[in-house]
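Participant: According to Swiss-Prot, the protein has these features:
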type     : residues      : note
BINDING  : HIS83, HIS182 : heme b b562 binding site
BINDING  : HIS97, HIS196 : heme b b566 binding site
BINDING  : HIS201        : ubiquinone binding site
TRANSMEM : 33-53         : transmembrane segment
TRANSMEM : 77-98         : transmembrane segment
TRANSMEM : 113-133       : transmembrane segment
TRANSMEM : 178-198       : transmembrane segment
TRANSMEM : 226-246       : transmembrane segment
TRANSMEM : 288-308       : transmembrane segment
TRANSMEM : 320-340       : transmembrane segment
TRANSMEM : 347-367       : transmembrane segment
Amino acid sequence: MTNLRKTHPLMKIINSSFIDLPAPSNISSWWNFGSLLGICLIVQILTGLFLAMHYTSDTMTAFSSVTHICRDVNYGWLIRYLHANGASMFFICLFLHVGRGLYYGSYMFLETWNIGVLLLFAVMATAFMGYVLPWGQMSFWGATVITNLLSAIPYIGSDLVEWIWGGFSVDKATLTRFFAFHFILPFIIAALAGVHLLFLHETGSNNPSGLCSDADKIPFHPYYTIKDILGVLLLILVLTSLVLFSPDLLGDPDNYTPANPLNTPPHIKPEWYFLFAYAILRSIPNKLGGVLALVLSILVLAVVPFLHTSKQRSMMFRPFSQCLFWILVADLLTLTWIGGQPVEHPFIIIGQLASILYFLLILVLMPITSLFENNLLKW
């Protein structure tokens with residue numbers, strides 16, 4: 001008798017995706033982050049659902065409803081901090097996942113990569129709107145500053161901002177719609193992640209060598225299910241340690257002050273995972289130029305496959321490209337640090353240099369270095 005998991009219409013989809021999936025025998029722990037992102041998304045949707053049961057999206061009661069969740073709801077504090085720090089873990093996994101894709105040339109799977117870039121935008125939009133919901137000082141002013149950037153768009157800018165606000169300032173209408181979008185977007189992200197997987201399974205996974213692995217495949221279960229469980233346990237360990245020992249480590253103290261439109265915080269800054277993009281935005285004195293640079297800082301990822309000039313897919317055997325890759329990582333860490341600093345000397349010039357280097361590395365230096373390495377192969 002044929003196994004039910006291979007014949008049942010629903011079970012065979014799960015079987016071909018997570019059980020009998022042929023996977024390369026040599027994929028390292030860098031390939032764990034896809035499953036970790038899935039776990040993060042599930043954690044965020046579940047904790048978010050329970051938070052939404054107690055949250056009120058009204059400017060008068062939003063802040064106190066979050067306080068009520070933390071003080072009066074059974075384990076409300078745990079759910080709230082799991083959700084807030086779960087977002088940080090989500091972004092750590094995202095950045096490592098994208099970094100893996102850049103290093104090993106996974107971007108050559110065009111459809112999978114482009115849906116991944118779309119997913120990155122969707123997750124960033126969701127996180128931004130989620131940060132507005134507690135209605136603290138940084139929530140309010142973050143929303144004001146970031147939505148105001150759209151006014152830089154020629155001709156339609158100011159109308160567009162008022163349309164998003166639902167009035168002439170960030171107010172009740174803005175909070176209500178942000179809550180609605182913040183609730184629906186994770187489900188759109190889950191659907192996109194399904195499409196992301198669908199396209200990935202059309203081609204099969206890449207591997208560290210970047211070579212075709214069709215001759216050497218192993219079943220996903222039990223080999224990679226066990227390997228993924230180790231990653232999940234480590235993720236849970238880090239997340240619970242963060243939540244139980246230092247829940248406010250990555251947050252902003254200003255967000256424990258209720259939103260006040262008449263009092264601007266001395267330093268308006270987003271959550272840590274947006275600081276690199278915020279630094280790029282601030283490094284350009286022109287408003288429209290800054291907005292374009294902000295969007296391009298993520299959108300540049302979509303261009304990477306077309307700038308692949310190397311004869312080898314992975315960076316595993318390309319030491320010069322490896323050097324540039326790690327310079328890029330250091331540059332992004334520098335931008336993250338600069339994004340959290342005040343706009344004054346020497347941070348302004350450091351941010352500008354780091355922003356120039358970021359685009360220069362991806363668009364110019366890496367493709368040229370790849371061509372140079374191609375010539376080295378002839379020696």
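Using N, Cα and C of the backbone, Cβ positions are placed for all residues, glycine too.
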Participant: Hey, which bits of the same chain come close to the transmembrane segment (288-308), Cβ under 8 Å, at least six residues off its ends?
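Facilitator: The answer is 98, 102, 105, 107-108, 110, 113-114, 117, 120-121, 124, 149-150, 152-154, 276-278, 280-282, 355, 358-359, 362-363, 366-367, 370.
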Participant: List, in sequence order, the same-chain residues at least six positions removed whose CB sits under 8 Å from that of HIS97 (heme b b566 binding site)?
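Facilitator: The list for HIS97 (heme b b566 binding site) reads PHE33, GLY34, LEU37, given in order along the sequence.
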Participant: In the same chain, which residue numbers or ranges, 6 or more beyond the ends of the transmembrane segment (347-367), come under 8 angstroms Cβ to Cβ?
Facilitator: 279-280, 282-284, 293, 296-297, 300, 303-304, 307-309, 321, 324-325, 327-328, 331-332, 334-335, 338-339, 341
Participant: Return the residues near the residue listed as 'ubiquinone binding site' by Cβ distance under 8 Å, restricted to its own chain and a separation of at least 6 in sequence.
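Facilitator: The residue listed as 'ubiquinone binding site' has long-range Cβ partners SER16, SER17, LEU21.
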Participant: Are there residues at least 6 beyond the ends of the transmembrane segment (178-198) whose Cβ is under 8 Å from a Cβ of it, and what are they?
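Facilitator: Cβ under 8 Å, 6 or more out: 17, 37-38, 41, 44-45, 48, 52, 55, 57, 112, 115-116, 118-119, 122-123, 125-126, 129-130, 132-133, 143.
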Participant: How far is it from HIS196 (heme b b566 binding site) to HIS182 (heme b b562 binding site), counting Cα to Cα, in Å?
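Facilitator: Each residue's Cα considered, HIS196 (heme b b566 binding site) and HIS182 (heme b b562 binding site) end up 21 Å apart.
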Participant: Give me the long-range Cβ neighbours of HIS182 (heme b b562 binding site): same chain, 6+ apart, Cβ under 8 Å, in sequence order.
Facilitator: GLY48, THR126, MET129, GLY130, LEU133
Participant: Which residues does HIS83 (heme b b562 binding site) neighbour through Cβ under 8 Å, counting only same-chain ones at least six apart?
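Facilitator: HIS83 (heme b b562 binding site) has long-range Cβ partners GLN44, THR47, GLY48, LEU51.
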Participant: Around HIS196 (heme b b566 binding site), how many other C-beta atoms are within 10 angstroms of its C-beta?
Facilitator: 21
